[in-house]
Amino acid sequence: MTASVDLSSYRDQHFKGSRSEQERSLRDSTTLYVGNLSFYTTEEQIHELFSRCGDVRIIVMGLDKYKKTPCGFCFVEYYTRAEAEAAMRFVNGTRLDDRLIRVDWDAGFIEGRQYGRGKTGGQVRDEYRTDYDAGRGGYGKLLSQKIAPNTDNR
């Protein structure tokens, strides 16, 4: 493998199985995790970009667990490993909706993984952000809750 398609150090802590089973699943996978998406990026935009590398089998958009709205990630599954490797080489680090997107291997989509794992329903990384990011809903969700005006007092 070349460096651009090697496995990263990230491992899904919720993977059901041993570390060696996870490694094997990642090495054989045709599924990619795509991160740092804008909350406004559409499935059609993702399909247009990733289909340049091969036939996309399915795209699963990441959703806020409670609101069921996009929360900045998705899974893209190809029919072959070679197509997925091409996407790792050519799409990782490119711009989509004016954001540098991250592409990484995923062991394979399982129902339920499309939901954010943060306390507020989105991604954990968006809970604690202190910077303002218009493409990811403004300030971090926990910070936004602290600074939101109290509308109960009339």
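Residue positions begin at 1 at the first shown residue.
The backbone N, Cα and C atoms fix where each Cβ goes, glycine too.
Feature annotations, courtesy of Swiss-Prot:
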type	residues	note
BINDING	Y10, Y33, R102, V103, D104, W105, D106, R113, Q114, Y115, G116, R117, Q123, V124	mRNA binding site
COMPBIAS	9-23	compositional bias 'Basic and acidic residues'
DOMAIN	30-108	domain 'RRM'
REGION	1-23	region 'Disordered'
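The structure, with features from Swiss-Prot marked on it.
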residue : record            : Cβ neighbours (10 Å)
R102    : mRNA binding site : 17
D104    : mRNA binding site : 15
D106    : mRNA binding site : 22
### Task
Pull the DSSP breakdown for the domain 'RRM' (30-108) and write it out as helix, strand, coil residue counts.
18 helix, 31 strand, 30 coil
